[in-house]
C-alpha cells in the first residue's frame with residue numbers, strides 16, 4: 001500500500017503518494033484542480049490532476065472512466081500521455097501526466113505569434129487529430145487552453161473528458177462556445193470528427209489575428225457572428241436542421257453574403273487563408289480532414305507523410321452506452337488502474353516504442 005501525503009491547495013485537499021513533492025497549483029478546471037509536482041522516481045516535472053468526487057454520481061463516474069480509458073489508449077507525440085494514476089484514501093482519482101509549462105491560450109494573450117510558430121503549432125494539432133480521429137474518437141472540446149506547449153514548442157492536446165465515439169447520432173452540449181462547430185448549434189446531433197476541424201480553424205484564425213474569431217455572447221449571437229463572415233448557410237445545410245425552433249431561427253436571420261477572407265484577414269498569407277477557408281466550412285461533409293490539412297501547401301515545411309501515423313486500433317466504445325451504478329463504475333475503474341500499473345514502468349514502455357511518431361524539429365526563434 002502506497003504512503004500518502006495530505007496537502008491543502010486553494011482550499012482543496014490533495015492526497016498524493018510520497019513519490020510526488022513540491023506541489024504548486026497551475027490551473028482549475030470544471031472537473032478538477034491541476035498542480036505541478038516533482039516526480040522523485042523519474043526526476044521529472046509532472047502535472048497532477050485531481051478529479052473531484054469521481055464516484056459521487058454515475059455520470060461523473062462514467063466521465064472519469066472514459067477519460068482514463070482514452071488516456072490509456074491514445075499514445076501519440078501530440079497527445080498528452082498518462083504516466084501514473086492512483087485513487088487516494090478519500091477516493092479521489094489523480095491523473096499524472098507530463099508537464100508542458102504553458103498552453104496556447106496563455107501564449108496568445110501574451111504576444112503575437114510569428115508565421116513559423118503558427119505553422120508549427122497548427123501542424124502538430126492536425127497531426128494529433130489525424131491520429132485521434134483514426135482511433136474513432138472526436139475530442140469535442142478543442143480550444144487554446146486545451147493545447148499544451150513546452151519551451152521547445154512541442155505541442156500536446158489534452159483534456160479528453162468530453163471526447164466521444166465518432167457516431168452520426170451524437171448528442172450533447174459541448175465545447176467552449178467560441179470554438180463550437182455550427183452543426184452542434186444547429187442540430188444537436190449528426191456530428192463527427194469534422195467538429196474538431198472547425199475548432200482547429202477557429203484556433204488557427206486566433207493565432208493569425210491574436211483574438212478569438214467568433215466571440216459570441218450567447219448561442220444565438222455566436223451563430224449570427226459566424227454568418228457575418230461565412231454568409232447564410234447553404235440550403236442543403238439548413239435542411240439538415242432537426243429542431244423546428246432552430247430552423248425557424250436560422251430562416252429568420254437576414255440573408256448575408258460571404259466576406260472574402262482576404263478582407264477579414266488583410267495581413268495574412270493567401271496560402272494560410274486557403275487552408276483556413278477549407279476548415280471553416282458550414283457543411284461538415286465538405287470540411288477538410290486532418291490528413292488533408294497536413295498535406296496542404298501551408299504546412300509543407302513540416303509535412304512528412306511517413307511520420308503522421310494513425311492509431312493501430314480503433315478505441316473500444318462498448319462501455320459508452322452502459323447505464324451502470326456508481327459501484328460498478330468504481331470496480332471497472334480499479335480494474336483499469338491495476339491494468340495500467342501491470343503494464344510496468346511507463347518510461348520502459350516508451351523506450352520500447354509505444355508512443356507513435358516523432359515530431360519534427362521546432363522552428364528557430
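Positions of Cβ are set from backbone N, Cα and C atoms, glycine also.
Residue 141 (active site, proton acceptor) carries neither a helix nor a strand DSSP state and counts as coil. The active site, proton acceptor annotation in Swiss-Prot covers 141.
In this view, residue 28 (ATP binding site) is surrounded by 12 other Cβ atoms within 10 Å of its Cβ, with every protein chain counted. When secondary structure is read from DSSP and collapsed to three states, residue 28 (ATP binding site) falls in the strand class. Annotated ATP binding site per Swiss-Prot: 26, 27, 28, 29, 30, 31, 32, 33, 34, 49, in sequence order.
Sequence annotations record features per position, and here Swiss-Prot assigns domain 'Protein kinase' to 20-299.
Summarising the annotation, Swiss-Prot assigns phosphothreonine to 171.
For 173, the entry in Swiss-Prot reads phosphotyrosine, with the evidence type similarity to another entry.
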Problem - the domain 'Protein kinase' (20-299) [mean pLDDT, rounded to integer] - result: 89
Fill in the blank from the handout: All chains considered, the count of other Cβ atoms within 10 Å of the Cβ of residue 34 (ATP binding site) is 18
Practice task
Take the C-alpha atoms of residue 34 (ATP binding site) and residue 141 (active site, proton acceptor) and report the distance between them in angstrom, rounded.
Solution key: 18
